[in-house]
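Read through the structure below, which is laid out as structure tokens, and then see the notes.
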Amino acid sequence: MDPRVPLVIGIRREDKNRWERRVALTPSHVKRLIRETGARVLVQPSNTRIFNNASFERVGAKIEEDLSKADAILGIKEVPIDKLIPNKTYLIFSHTHKGQAYNMPSLQAFLDKNIRLIDYELMTDPTSGKRLVLFGTYAGYAGMIDGLHGLGQRLLALGYNSPLIHMGQAHVYPNLECVSTKLQHVGDIISDQGLPDAFAPMVFTFTGSGNVTRGARMIFDKLPHENITVEQLPEIIKDRYNPRFKNRLLALQVNAKDYAERIDGGGYDRAEYREFPDRYRSVFAHKIAPYTTMLVNGIYWETKYPRLMTTKDLADIQRRRDLRS
């Protein structure tokens, strides 16, 4: 590319999900990019994006449906195969580098169309090796909000009203401040009116210790709760009718040592588990899952590690009537 010719950046309209409102660069980013590099920025029009078209035009971008003149195209989620423009550079979260089967056709399309793929997930600091583009905390926010909403809907479908019925999905809140206000309201109802007796105590089990789990806990911790340990679970369930469980949620943080054990005799060694995970199995399905109301799964997983729970585990759990007896 001729260095004398300004770089043309394209910002695509997100279209994977109807509620998707994110954008790879904000208007302030675009303004800085144009000012500091002289780049031209083309933005696909969108009526759903969090920033409207005019906010990009005001900082010097051009609203343009056709991004074929762009040297590099930035997005967030996967791009539909029929919308991939040949011979371009795309920067997105492609969800392909772990060999995700559902996105292998997309990866093949990049090859077939001679497209350079730059995956945000693989952009790392050359010295530390740490990832530079992180959405984990926000994934935790959204997942926890949607999880609370979904649990409220599930309880209602089973015939039980609960304070969680007041939670909306993440995409209906303009910002975290509005989420905090709603959580305060829901928390007040939990404290005042309590949870359905049939489902107390409500145990929220968190796995992992990274950004996803931290984000989820930042949401959850705004509700009245008590932290518990795996060792306490059996006694808590035996004491399930204790009135103190009616007006609070229970938070259970588990790590590999709590659910992974050696196949040949039990026990856990962290270093061995990381180097030889095939020597281990997960006992989560019978040790922790039966006591869990909601699982908030934030672990990093690769195929070499035992699955937290298998499909068969889930089927077996669902066949049992009283999981907490």
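Cβ atoms here come from the backbone N, Cα and C positions, even for glycine.
Caution: TrEMBL annotation is automatic and unverified by curators.
Look at TrEMBL and you will find 10-142 tagged as domain 'Alanine dehydrogenase/pyridine nucleotide transhydrogenase N-terminal'.
Long-range Cβ contacts of Lys77 (active site, proton acceptor) within its own chain (separation 6+, distance under 8 Å): Glu14, Lys16, Asn17, Glu20, Ile92, Phe93. Residues or ranges marked as active site, proton acceptor in TrEMBL: Lys77.
In the three-state DSSP assignment, the secondary structure recorded for His95 (active site, proton donor) is coil. Under 8 Å, Cβ to Cβ, and six or more positions away along its own chain, His95 (active site, proton donor) finds Glu78, Asn103, Glu121. The active site, proton donor annotation in TrEMBL covers His95.
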Residues in the domain 'Alanine dehydrogenase/pyridine nucleotide transhydrogenase N-terminal' (10-142) grouped by DSSP into helix, strand and remaining coil: 41 helix, 21 strand, 71 coil
